[in-house]
Amino acid sequence: MQAAGHPEPLDSRGSFSLPTMGANVSQDNGTGHNATFSEPLPFLYVLLPAVYSGICAVGLTGNTAVILVILRAPKMKTVTNVFILNLAVADGLFTLVLPVNIAEHLLQYWPFGELLCKLVLAVDHYNIFSSIYFLAVMSVDRYLVVLATVRSRHMPWRTYRGAKVASLCVWLGVTVLVLPFFSFAGVYSNELQVPSCGLSFPWPEQVWFKASRVYTLVLGFVLPVCTICVLYTDLLRRLRAVRLRSGAKALGKARRKVTVLVLVVLAVCLLCWTPFHLASVVALTTDLPQTPLVISMSYVITSLSYANSCLNPFLYAFLDDNFRKNFRSILRC
C-alpha cells in the first residue's frame, strides 16, 4: 500500500528506521522531513537485535511465570494481583511481537503484509497505554486501601470480581485509545521502493504527526501520571495529619508491603517511560538534525521503554515473598 503523506516508521515509539547498510540513503524519519544519512551505523544493525532479543526472551519468560503463578496459586488470587496479572499479559503480548520488529531491523524491509503491520503497531500502542493505566488503577486501589486503613473501615466493595471488572474497563478504554493507530497503520514504499510498516497520515501530514504525538503524550502519560501524583500527594498529607489507631496499625503492616511493591513498580515504569515522552516533547518543539548521535539516543530511549516489559517480574520476585514461595512450588510440580 502506498502511504499518503509522510509515514512514521514501524518503531513508532519515536525511534528512526535503521539506514540501509553501506551507502547514502534518504528516508522519511517520521517527522515529515526526509533525512539523508551519509554514513551507515553498522553497530546498531548488530546491537539492536541483540538487545531486543534479550528483552524478548527475559520478558516473555518472566511475564509467563507471573501469569502462571497468579493463576495457579490460590493464595495469589488477590485484588492487587488481578491488576498485576493484566499488566503481565500486556507486557507478554508486546514481547510476543517484538521478534517481528527484530526481523524488520535485520531484513531492512517489511515482508509480513499489512494485517500483521496493523497488529504489531496496535500491540505496541497497547503496551504504551495499558502499562500506565493499570498502574493508575493500582494506585487508586492503594489510595482507597490505605485511606480505609487509616480510618479503620472495611471495604466490602473491594472484591476479586470488582478487580476483574475494573481490568476489563481498562482494556476497553485502551482499545478505544489504540484504534486510531490501528487505522493509520499500513505498509508503504519509501523513495527506494522498499516496503516498510508505519503510520500513514493524510495531508497536512506534519499536523497529523504532531497531533499523534500530543495524543500519546497527554493520554498515555500526562493524564494518568498527574492522577497518580494527586492521589499519592493527598495520601501523604492525610497520613501526616491522622495518627493511626492501634488496630489500623495492625491492619496496615501487611498492606504496607503491597503499597511499597506498587510504588516501586510505578517508579520503575516512570523511569523507563519518562525519557520516551520527553523525547516526544523534543520532537514536537524542535527540529533536530538526524545525526548518528541523535539516532543512537533515539534507539537507547526506545530500548529503555521496551525494557519495562521485562523488569516487573524481577520486582515481584524481590519484593513479594508470596510470589517467590508460589513460584518455587510451581517449579517443583
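Backbone N, Cα and C atoms are what each Cβ position is placed from, and that goes for glycine too.
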Is V120 annotated in Swiss-Prot on the same side of the membrane as S309?
no
Can you tell which of C117, C229, C269, C272 is bonded to C197 by a disulfide, based on Swiss-Prot?
C117
Cβ atoms within 10 Å, counted per site: which of C117, C197 has the most, among these disulfide-bonded residues?
C197
Count up the helix, strand and coil residues in the topological domain 'Cytoplasmic' (70-80) according to DSSP, in that order.
8 helix, 0 strand, 3 coil
At a Cβ cut-off of 8 Å, and with pairs 6 or more apart in sequence only, do we get at least 3 pairs between the transmembrane segment (81-105) and the transmembrane segment (212-233), yes or no?
no
Sort the residues of the topological domain 'Extracellular' (106-120) into helix, strand and coil with DSSP and give the three counts.
10 helix, 0 strand, 5 coil
Suppose I define contact as three or more CB-CB distances under 8 A, residues 6 or more apart in sequence; do the transmembrane segment (258-282) and the transmembrane segment (46-69) meet it?
no
Check the transmembrane segment (46-69) against each of 121-140, 212-233, 293-307 and return whichever range has the most CB pairs under 8 Å.
293-307
